[in-house]
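Contents: one structure, followed by commentary.
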Amino acid sequence: MLMMFSPAFVMVMDLMVLVMMIMMMVSSLDAHGHISCIESERKGLLELKAYLNISEYPYDWPNDTNNSDCCKWERVKCDLTSGRVIGLLLTDTYYPPPLLNLSLFYPFGELQTLNLSNFWCQGWFDHIHGYKSFERLKNLEILDISENGVNNTVLPFINTASSLKTLILHGNNMEGTFPMKELINLRNLELLDLSKNQFVGPVPDLANFHNLQGLDMSDNKFSGSNKGLCQLKNLRELDLSQNKFTGQFPQCFDSLTQLQVLDISSNNFNGTVPSLIRNLDSVEYLALSDNEFKGFFSLELIANLSKLKVFKLSSRSNLLRLKKLSSLQPKFQLSVIELQNCNLENVPSFIQHQKDLHVINLSNNKLTGVFPYWLLEKYPNLRVLLLQNNSLTMLELPRLLNHTLQILDLSANNFDQRLPENIGKVLPNIRHLNLSNNGFQWILPSSFGEMKDIKFLDLSHNNFSGSLPMKFLIGCSSLHTLKLSYNKFFGQIFPKQTNFGSLVVLIANNNLFTGIADGLRNVQSLGVLDLSNNYLQGVIPSWFGGFFFAYLFLSNNLLEGTLPSTLFSKPTFKILDLSGNKFSGNLPSHFTGMDMSLLYLNDNEFSGTIPSTLIKDVLVLDLRNNKLSGTIPHFVKNEFILSLLLRGNTLTGHIPTDLCGLRSIRILDLANNRLKGSIPTCLNNVSFGRRLNYEVNGDKLPFEINDDEEFAVYSRLLVLPRQYSPDYTGVLMFNVEFASKSRYDSYTQESFNFMFGLDLSSNELSGDIPKELGDLQRIRALNLSHNSLSGLIPQSFSNLTDIESIDLSFNLLRGPIPQDLSKLDYMVVFNVSYNNLSGSIPSHGKFSTLDETNFIGNLLLCGSAINRSCDDNSTTEFLESDDQSGDEETTIDMEIFYWSLAATYGVTWITFIVFLCFDSPWRRVWFHFVDAFISLFKCV
């Protein structure tokens with residue numbers, strides 16, 4: 001039987017079907033997460049890709065022939081409903097154009113977020129709308145151009161983006177005063193980050209930014225008044241750290257009642273800690289550290305700040321003290337407490353009232369006695385404990401405890417006993433342990449092997465001895481950095497196979513190690529190895545060529561033999577130091593290191609000639625005190641080498657003019673060789689400090705630890721989160737040795753950047769001293785002593801305005817000492833002894849401090865320095881006329897002297913021999929004396 005449906009029922013059914021179809025479409029939309037992007041925006045993205053030279057990595061954007069959905073492309077975010085592009089992440093572009101064309105963003109009219117951080121364009125332009133580019137992006141709320149290197153020229157473009165709520169300018173080259181006028185139209189700003197720029201001066205009235213909730217001005221050069229900040233009544237987070245603010249903290253800050261984060265650390269605020277902080281009822285993060293505060297600080301100021309979670313206080317003045325309040329029970333419960341340089345003698349009692357501390361930093365105080373192990377017992381969630389630079393003397397640990405502590409720093413205390421045997425059992429989760437600069441003794445406890453997660457271990461500068469425990473070598477499989485230097489460890493380094501598959505940095509210098517065992521061979525991850533100043537014997541293992549070292553230090557050991565050729569073929573080297581051993585054989589023909597690498601092969605027994613290509617990629621080349629021979633090669637061009645040290649070999653020939661092409665040289669040492677000929681006049685082309693292209697600093701180890709646990713102790717809402725993370729890197733020191741001011745000094749780090757010197761002493765150089773050397777205005781040390789240089793001291797030496805040491809002793813120089821040399825204000829050493837100089841010694845300036853030892857051996861000099869009067873006018877006139885007569889007469893006189901001496905010597909011997917030919921009593925006495933001497937010698 002057929003059922004009949006009314007028209008109304010049919011209409012309802014059709015409507016239900018339609019609804020179901022719509023629901024299916026919505027369901028399909030939800031399944032895909034978005035609808036396809038519009039074609040105009042897709043083409044706009046492809047134009048961006050072409051203009052920005054974007055490769056497939058790190059951008060997964062297809063080519064023009066692929067009609068894929070751009071909403072699915074990486075770094076592109078679309079609205080789920082409209083399919084319009086609302087977010088672009090254009091960070092880390094490898095080869096961007098010099099200028100960014102802002103008109104390329106016109107197609108993205110709904111854009112809300114634009115991230116151009118680490119983009120590294122030099123500036124912006126728009127040929128269509130000029131500065132009004134961002135005016136077209138009416139929905140743009142977040143703009144991030146951090147770490148770009150742009151300057152203030154981009155600010156007029158940004159000022160038209162009136163819809164902006166978040167603006168991040170961190171890490172650029174902006175300068176001048178606070179950019180209030182340049183950003184006057186950004187009235188909707190809620191977060192402004194100006195950190196890590198070069199802004200200066202006071203803070204203006206910021207009432208125009210009435211919506212601002214987060215302001216980061218850190219790491220600039222702001223100074224003067226900061227009262228303009230008091231207008232920001234809605235401000236919740238304020239970071240003024242690392243600036244140059246001075247004086248008292250403004251009292252008007254107590255009106256910022258909504259502040260949750262206040263960081264004024266690393267400034268020059270002085271006086272007592274501002275009492276206004278007691279009124280900041282909403283504050284959760286309060287950092288007052290690294291200022292010049294002094295006097296007593298009472299915890300009563302913060303006792304009622306019930307929301308406080310992080311409190312940091314320290315002072316560079318060393319005049320800040322914490323007032324003792326034993327009965328104080330604050331309302332806050334801290335997660336982080338830092339009280340550095342507060343002259344604490346005991347752990348403050350209020351800490352006992354805290355229930356869940358994660359970070360305790362009491363470093364740089366005066367804590368004494370036993371390590372406060374009760375902190376481990378009371379706070380099971382404690383993750384960071386910093387007690388370095390105190391005076392603790394005894395390390396005791398709880399017996400039955402398995403703690404979650406991850407960072408412990410006890411360096412620079414007065415511990416002088418053995419480590420607790422259970423240290424590894426108590427701290428099995430430790431990741432960063434620093435026990436350096438103490439007096440710990442005996443061998444390492446085997447329980448170190450329980451530290452499965454440890455990544456950084458510093459045991460340097462103690463009195464540990466013995467060999468490394470096998471349980472330690474096998475158990476600490478996560479170790480990244482191991483520092484054992486300045487102890488008494490002995491035996492072979494890693495005598496057996498280890499489990500250090502992640503070890504990158506091994507620093508074990510200044511111990512008693514005697515050999516390199518095969519256990520080291522398996523640590524292929526090593527990038528830094530320092531075994532200098534030990535007693536290593538034998539040869540460098542051939543398998544060393546399999547490592548990709550960046551830094552290798554084997555100096556001052558007993559190693560010998562030739563060097564493995566594979567050692568010099570790695571492009572990763574930055575420093576290779578094999579000095580102070582007994583290596584022999586020829587030098588390698590090349591050194592394939594990284595740009596600006598340092599090569600030390602000095603104080604060995606290398607022989608043969610110097611390869612001309614050895615200098616190619618080096619910043620410092622030290623070949624001093626070997627057995628190298630031949631001539632100085634015609635080095636290949638190197639515009640960056642700063643120091644060339646060839647002293648103490650047997651090099652012969654002339655000084656090649658090719659050295660004048662090493663324009664960046666700061667220190668050139670060719671002393672103690674057998675070089676002949678004249679000094680090249682073109683040496684004035686060498687920099688010696690006149691062209692400072694770059695400076696050399698301590699190398700930060702380029703190895704970081706990717707740690708999942710960043711030790712986040714407080715998460716900020718608006719400004720960039722600050723997280724606690726230890727420094728796993730450290731600084732590598734390098735040095736260059738050079739003789740100056742009558743002593744041999746080692747120039748390290750920054751001191752090298754201020755040293756410029758030329759040493760050609762103890763050779764066989766002749767001829768005049770080139771007047772062109774007077775062009776080396778920034779040179780600080782000049783040594784031409786112990787040669788056969790003749791002629792006059794150049795008058796141009798008066799131009800050496802930075803000179804500190806001039807040594808011209810033991811030459812054949814004649815004539816007067818130029819009086820203008822008395823204008824050299826920095827000169828400490830001026831030695832011209834044992835020459836043929838004449839005339840008066842300058843008596844003004846630095847010459848008034850010189851004694852007679854600097855002028856001895858010059859019979860015709862006079863002056864107060866040698867207590868010889870110059871009042872005899874006839875003598876003075878004679879000396880002056882003699883000086884003007886030229887070199888020829890002086891040369892003839894010297895020849896007559898030498899010929900006369902030789903003739904006298906020859907005539908004396910001939911007379912003696914003729915005398916013996918005649919029979920006489922004297923002849924018989926002489927031969928009797930000779931016979932008696934021979935008999936006596938035979939008896940002996």
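All residue numbers here begin at 1 and follow the chain in the order shown.
For all residues, glycine too, the Cβ spot is worked out from N, Cα and C.
Swiss-Prot lists Asn63 (among others) with the feature N-linked glycosylation site.
Cβ contacts within 10 Å of Asn101 (N-linked glycosylation site), excluding its own Cβ and spanning all protein chains shown: 18. Residues annotated as N-linked glycosylation site in Swiss-Prot, with sequence analysis given as evidence: Asn101 (among others).
In the three-state DSSP assignment, the secondary structure recorded for Asn151 (N-linked glycosylation site) is coil. Residues or ranges marked as N-linked glycosylation site in Swiss-Prot (evidence: sequence analysis): Asn151 (among others).
Under the heading N-linked glycosylation site, Swiss-Prot lists Asn270 (among others). Spatially close to Asn270 (N-linked glycosylation site) yet at least six residues away along the chain are Thr246, Gly247, Gln248, Asn291, Glu292, Phe293, Lys294, Ser317, judged by Cβ distances under 8 angstroms.
Positions annotated as N-linked glycosylation site by Swiss-Prot, on the basis of sequence analysis: Asn304 (among others). Counting every protein chain shown, 13 other Cβ atoms lie within 10 Å of the Cβ of Asn304 (N-linked glycosylation site).
Following the DSSP three-state reduction, the secondary structure of Asn361 (N-linked glycosylation site) is strand. If you look up Swiss-Prot, you'll see Asn361 (among others) marked as N-linked glycosylation site, on the strength of sequence analysis.
What Swiss-Prot lists as N-linked glycosylation site is Asn389 (among others), and the listing cites sequence analysis. For the recorded site, Asn389 (N-linked glycosylation site), the DSSP three-state label reads coil.
Look at Asn402 (N-linked glycosylation site): DSSP puts it in coil. Residues or ranges marked as N-linked glycosylation site by Swiss-Prot on the basis of sequence analysis: Asn402 (among others).
The N-linked glycosylation site annotation in Swiss-Prot covers Asn434 (among others). According to its DSSP assignment, Asn434 (N-linked glycosylation site) is in a strand. Counting only same-chain residues at least 6 apart in sequence, those with a Cβ under 8 Å from the Cβ of Asn434 (N-linked glycosylation site) are Gln388, Leu408, Asp409, Leu410, Ser411, Phe456, Asp458.
Sequence annotations record features per position, and here Swiss-Prot assigns N-linked glycosylation site to Asn685 (among others) based on sequence analysis. A C-beta separation below 8 Å, combined with a sequence spacing of at least six in one chain, links Asn685 (N-linked glycosylation site) to Cys660, Gly661, Arg663.
Per Swiss-Prot, the feature N-linked glycosylation site maps to Asn799 (among others). Shown in sequence order, Gly774, Asp775, Gln777 are the residues of the chain, 6+ apart in sequence, with a C-beta less than 8 angstroms from the C-beta of Asn799 (N-linked glycosylation site).
Taken residue by residue with DSSP, Asn836 (N-linked glycosylation site) is part of a strand. Positions annotated as N-linked glycosylation site by Swiss-Prot: Asn836 (among others).
Residues 117, 141-152, 155-156, 158-159, 191-206, 208, 216-217, 222, 228, 720 of the same chain lie 6+ residues outside the repeat 'LRR 3' (165-185) yet bring a C-beta within less than 8 angstroms of a C-beta in it. Residues or ranges marked as repeat 'LRR 3' in Swiss-Prot: 165-185.
Taken from Swiss-Prot, the feature repeat 'LRR 8' covers 281-304, and the record attributes it to sequence analysis. In terms of DSSP helix, strand and coil, the repeat 'LRR 8' (281-304) has 3 helix, 9 strand, 12 coil.
Positions annotated as repeat 'LRR 9' by Swiss-Prot: 306-330. A mean pLDDT of 86 is what the model gives for the repeat 'LRR 9' (306-330).
As a summary of secondary structure, the repeat 'LRR 20' (571-593) carries 0 helix, 7 strand, 16 coil according to DSSP. According to Swiss-Prot, the feature repeat 'LRR 20' maps to 571-593, an assignment based on sequence analysis.
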Sequence-remote partners of the repeat 'LRR 9' (306-330) [C-beta within less than 8 Å, at least six residues beyond its ends]: 260, 265, 270, 273, 281-300, 336-344, 348-350, 353, 361, 364, 713-714
Lowest local Cβ density (other Cβ within 10 Å) among glycosylation sites: Asn151, Asn389, Asn402: Asn402
Top Cα neighbour of Asn361 (N-linked glycosylation site) in the set of glycosylation sites Asn151, Asn304, Asn389, Asn836: Asn389
Asn304 (N-linked glycosylation site) and Asn101 (N-linked glycosylation site), Cα-Cα, nearest whole angstrom: 54
Three-class DSSP secondary structure - Asn101 (N-linked glycosylation site): strand
Cα separation, Asn151 (N-linked glycosylation site) to Asn402 (N-linked glycosylation site) (Å, whole number): 53
Shortest C-alpha distance to Asn151 (N-linked glycosylation site) - which of the glycosylation sites Asn304, Asn389, Asn836: Asn389
Local Cβ density at Asn836 (N-linked glycosylation site) - other Cβ atoms counted within 10 Å: 18
Leading stretch by Cβ pairs under 8 Å, where the reference is the repeat 'LRR 25' (752-776) and the options are 281-304, 571-593, 801-824: 801-824
Number of helical, extended and coil residues in the repeat 'LRR 9' (306-330), per DSSP: 0 helix, 8 strand, 17 coil
Secondary structure tally of the repeat 'LRR 3' (165-185) (DSSP, helix then strand then coil): 3 helix, 5 strand, 13 coil
